[in-house]
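Asker: Pasting a structure here, questions to come.
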Amino acid sequence: MASQKKQLFKIIILGDSGVGKTSLMNQYVNARFTQQYRATVGADFMAKEVMIDDRMVTLQIWDTAGQERFQSLGGAFYRGADCCVLVYDITNPKSFDSLDSWRDEFLMQGQPKDPEHFPFVVLGNKLDKATERKVQESKAQQWCKSHGNIQFFEVSAKDATNIEQAFQDIAKAAASQEKDEEIFFPTTVTLTKQSQKPQAKQGGCC
């Protein structure tokens, strides 16, 4: 059997409404920021090509609604994900406290094959408002450590601080799952027509 590496990785972004999930995605994919976003209804996604280990792959980044009334739709969007990004707002302690419930919900509804080793990345957004900080970086680092040494970045969707580095690590985390999920194809067999010699007619007596 021959194997082929995946060319598309599905990334899910989760977090409370208002933490900046859409802004993060738009800053990374389009290098743009606006204050005019409306709350995401259901889910939406953007795609971006990125180099990982000297090969080009596509990240399909899903931005999901943070409102409770849409959480029942999660399973349909979470399944098949290669990495889950948990986002909170460093000026909003409640959004940080919600990380546990978002992580648990993803594991329950997304049903990854290996939940203990599934890659999560935590982003503390709105670093541009550091003077209004309510969640200390050390507290977030401790949370990540206690949940399996989850990768962690403080970022700003507004001024792009740490966005590129964070998503590079997100892409690598997604690709790390390939060893367990390689796509296998049957070995190719070439079929050729063999020339058939006409069989001699057998004579018979009437």
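Just so you know, glycine gets a Cβ as well, placed from its N, Cα and C.
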Asker: Just to confirm what the record says: which one of T64, T161, T188 has phosphothreonine annotated in Swiss-Prot?
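Answerer: Out of T64, T161, T188, Swiss-Prot attaches the phosphothreonine annotation to T64.
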Asker: Look up motif 'Effector region' in Swiss-Prot and report which of 37-45, 55-63, 118-126 it refers to.
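Answerer: Among 37-45, 55-63, 118-126, the range Swiss-Prot annotates as motif 'Effector region' is 37-45.
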Asker: May I ask you to name which of S23, S101 Swiss-Prot has annotated as phosphoserine?
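Answerer: With Swiss-Prot as the source, phosphoserine is noted for S23.
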Asker: What residue among T34, T91 has an entry for phosphothreonine in Swiss-Prot?
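Answerer: Going through T34, T91 one by one, Swiss-Prot annotates T34 as phosphothreonine.
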Asker: Test of record reading: of S17, S176, which one does Swiss-Prot tag as phosphoserine?
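Answerer: So the answer, going by Swiss-Prot, is S17.
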Asker: Determine, using Cα-Cα distances only, which of these modified residues is closest to A157 (GTP binding site): S17, S23, Y78, Y88.
Answerer: S23
Asker: Could you tell me the C-alpha distance between Y88 (phosphotyrosine) and T64 (GTP binding site) in angstrom, no decimals?
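Answerer: A Cα-Cα distance of 14 Å.
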Asker: Rank the modified residues Y78, Y88 by how many other Cβ atoms lie within 10 Å of each Cβ and give me the one with the fewest.
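Answerer: Lowest Cβ count within 10 Å among the modified residues (Y78, Y88) is Y78.
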Asker: Does DSSP put G15 (GTP binding site) in a helix, in a strand, or in coil?
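Answerer: It is coil.
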Asker: Find the average pLDDT over the motif 'Effector region' (37-45) in the predicted model and report it.
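Answerer: Across the motif 'Effector region' (37-45), the average pLDDT comes out at 59.
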